Amino acid sequence: MPEEVHHGEEEVETFAFQAEIAQLMSLIINTFYSNKEIFLRELISNASDALDKIRYESLTDPSKLDSGKELKIDIIPNPQERTLTLVDTGIGMTKADLINNLGTIAKSGTKAFMEALQAGADISMIGQFGVGFYSAYLVAEKVVVITKHNDDEQYAWESSAGGSFTVRADHGEPIGRGTKVILHLKEDQTEYLEERRVKEVVKKHSQFIGYPITLYLEKEREKEISDDEAEEEKGEKEEEDKEDEEKPKIEDVGSDEEDDSGKDKKKKTKKIKEKYIDQEELNKTKPIWTRNPDDITQEEYGEFYKSLTNDWEDHLAVKHFSVEGQLEFRALLFIPRRAPFDLFENKKKKNNIKLYVRRVFIMDSCDELIPEYLNFIRGVVDSEDLPLNISREMLQQSKILKVIRKNIVKKCLELFSELAEDKENYKKFYEAFSKNLKLGIHEDSTNRRRLSELLRYHTSQSGDEMTSLSEYVSRMKETQKSIYYITGESKEQVANSAFVERVRKRGFEVVYMTEPIDEYCVQQLKEFDGKSLVSVTKEGLELPEDEEEKKKMEESKAKFENLCKLMKEILDKKVEKVTISNRLVSSPCCIVTSTYGWTANMERIMKAQALRDNSTMGYMMAKKHLEINPDHPIVETLRQKAEADKNDKAVKDLVVLLFETALLSSGFSLEDPQTHSNRIYRMIKLGLGIDEDEVTAEEPSAAVPDEIPPLEGDEDASRMEEVD
């Protein structure tokens, strides 16, 4: 591994770095690259660009490769010399290239890079020892570049970043064609000489470069030899290393012993340590996304997915596509089988898509690449148009990235729709990622319609299976104009709710929404397929009815008008109004909310927020509406009791009790559960015939608060029984 630069009598020329170059170095180191390890990415990227260039030239002139057919990149750490060397067999540089590219012709950084791109410049040459090269000084105190172009002699460039660099003809080891970059590492950067660290950085940043990257390491192994051979070994050691890099010559030693066993059975052997050069290719996983999807097997996709994500399970679905035209990029997207446990954690990185530019890894946490609701998608996007040295700030402004994002979202939705045709797999997908789809409906107005087609819910007619809104619409009655839904905590709770009684009795299907995120979802999803979504827990529920039903409703309103007024007076500010219900069958009453207020379920969710905004709570927890069932015996008897004596204290007590019970059954919480409990206990006492005045010794007399109106005597008790 000769890395020394031979100084002959040749002329050494010294050049000053241009001031702009010094500024550029400062800009690169301080602005774009906070982590030092990217120097390796930049140098490998430069090597890859140089290899691209010679490969391109060889297409029209195969003789260009006479100086070296193999296109490769070698990495050679040398702990003794504290150097890290990268060798490529790319196009190399002439003396003029070396002087111009590495120091005397300034580039004004990113701006020039973007302008050159828009002007149609050869993208691979811009990266070649342009901006990225200087990142070598993050880890190196001195850099030596030895290069050989087919059209020129071999030259060496050297600089310790002190404002100047030298160039001279190099008469050291001929490199054929290409470039050798020798980094003399700073004392505190020797980690980049370690096998583990180099492998880690290459895997992270340059795993999918299109040329083999080989790591050369000097290692030791034990070798068994006889005493007689020990002396010979010393002399032959270097030759053997070259002839046999991978295998020790133990078999040869063994056969010698067998040959000599007749002469000297007691010949001794001993183990010595020999040094050898170990070669390991670091990027065996080739960029699968650059291949034709028709040529790739599911097993290959599976292997790539596991190497990309470190997942132990296979992926659920895959989408492999390329976009060409004004913009060119390829993408490979995977849906995992299960959601990660921290899918919605704030501190977690926002997405799992790795962004590459021409097979060079740029970043894996680009927020602009995919919307947050699709953050479970894993994969890679490889752009041909973005500049290699792009920063996060530039990505936010990039029009190219906006187009890429739009295409990714479109392809993800296509993938979900394809998956929906396979019921078994879609069920697994929906269990894991339904929250993401609903979040998408809340956030992504452009794709809301397509996302709504992917939703699945239990309904009053679907049994144990979930159904889509499209299937619901196909089953709607001719007279039905709306999609009816109810939100709540569980399927059992909403199925037995008072709100769905009449709707179900009339044969209309009700969608059961039982996840907290459904509340946010339906705030944005006002209609589906031209049918409005109507909550059965809010005021203004209109069911299709014939003339007879309308007439009956009008009669009920007139008959119970006085009771409604009385109940409103008793409940006062607790309710906004009391009305006759068209939604109840077996329940005496229920609490509904205003059309734009929160449902009981939403109120429960918001109260559970640790960082809730109490000012919002005030007006969104809208006044409640009490609806009473005119066909229920409790309500009818209460009407008769009120007609007889509207000042009857028992009527007041029963109205409050009905209201509080309706609050609970409608999914609300009580502001004062203790008062409600005491009211119930008194009813129990009445039912058991216990005298109100009998207070046990243990029972504190203050147990019944003053504000609860006392129930009347036995006469009222008998009336209570009538109600029962």
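Each residue, glycine too, has its Cβ placed from N, Cα and C.
Residue annotated by Swiss-Prot as N6-succinyllysine (from the set Lys219, Lys423, Lys526): Lys219.
Here the candidates are Lys180, Lys538, Lys607, Lys624, and Swiss-Prot annotates Lys624 as N6-acetyllysine. Comparing Ser226, Ser462, Ser677 with the features listed in Swiss-Prot, the residue bearing the annotation phosphoserine is Ser226. Noted from Swiss-Prot: of Lys491, Lys577, Lys641, the annotation N6-succinyllysine belongs to Lys577. Per Swiss-Prot, the annotated O-linked glycosylation site among residues Ser365, Ser417, Ser434 corresponds to Ser434.
Under a cutoff of 8 A between CB atoms, and with a sequence separation of 6+ in the same chain, the neighbours of Tyr305 (phosphotyrosine) are Asp311, Asp314, His315, Val318, Phe334, Arg378.
Put simply, Tyr301 is the one of the recorded positions Thr297, Tyr301, Ser434, Ser452, Lys574 whose Cα lies nearest to the Cα of Asn46 (ATP binding site). For Ser669 (phosphoserine), the nearest neighbour among the listed recorded positions (Phe133, Thr297, Lys435, Ser452), judged by C-alpha distance, is Lys435. Checking each of the recorded positions (Asp88, Thr297, Tyr301, Ser434, Lys435, Lys531) against Lys481 (N6-acetyllysine), the C-alpha distance stays within 10 Å for Lys531. Thr479 (phosphothreonine) and Ser445 (phosphoserine) are 30 Å apart (CA-CA, integer value). Taking the Cα of Ser226 (phosphoserine) as the reference point, the closest of the recorded positions Asp88, Tyr301, Thr479, Lys624 is Asp88.
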